[in-house]
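Input: a single structure, listed below in structure tokens.
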Amino acid sequence: MSQEGVELEKSVRRLREKFHGKVSSKKAGTLMRKFGSDHTGVGRSIVYGVKQKDGQELSNDLDTQDPPEDMKQDRDIQAVATSLLPLTEDNLRMFQRAQEDLIPAVDRQFACSSCDHVWWRRVPQRKEVSRCRKCRKRYDPVPSDKMWGVAEFHCPKCRHNFRGWAQMGSRSPCYGCGFPVYPTRILPPRWDRDPDRRSTHTHSCSAEDCYNRREPHVPGTSCAHPKSRKQNHLPKVLHPSNLHISSGSTVATCLSQGGLLEDLDNLILEDLKEEEEEEEEEEEEGGHGE
């Protein structure tokens, strides 16, 4: 696929996500081709159309501006606006965010135990799901209290701030005073790419199997550091994601890597290839039906 095609696909996904998948992929593609992938302008024009058509008192809570004349008069935009009616208390926030060009998203960790594969994705808050690129199964994120990786610590005893490998809920000794500290959060991979931010301390924790164990250790605990996992012949996955149970929405959820380690263009190309393969499989299965 050409770079132009990739940019088009990104804009289609963003437009669809702004309206929670209620705009069809075909209609979104038509609008993005017509208006040069301007998902911001088209999104705001749809909100404007909803406000003009709705006429309820609730529409006063939508702060809109007159869109360009070509968008205001466009029949496809008008049709989409009509299909999204009526305006309700439940969907008002969706329209407000679309007007502000906001797509609330979070960085989440995913882990497939069968493939022993761990990855991070930036996903919409309303649908936190990602597909393992090895087995193609879709997963929910690793629970927040089970995440692992490079963690951020704040020692309550000496006020020292430090970072190191850990799993949420497992204590590590402070590099300043040795006091056992729980991690406050796990940092997405991009935060660890800056060499100036990396710790100069050798990893050490109180887990029983840590390659550089700190005493007294805690029996029955396992170290999250990759070196310990490899040395002990343990899988990379400390806590697996649950398989995602589909709600029926087909909107692709990879919006932006936001500086994470993988390239968004490659991810979209990969998604498109897999979607085409899935469609071919469905057609073949349908062709063999009685």
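Note: Cβ is positioned from N, Cα and C throughout, glycine not excepted.
Checking Swiss-Prot for motif 'Nuclear localization signal' across the ranges 121-137, 206-222, 223-239 points to 121-137. All protein chains shown were included, and the count of other CB atoms within 10 Å of the CB of Ser2 (N-acetylserine) stands at 7. The DSSP secondary structure for Ser2 (N-acetylserine) is coil.
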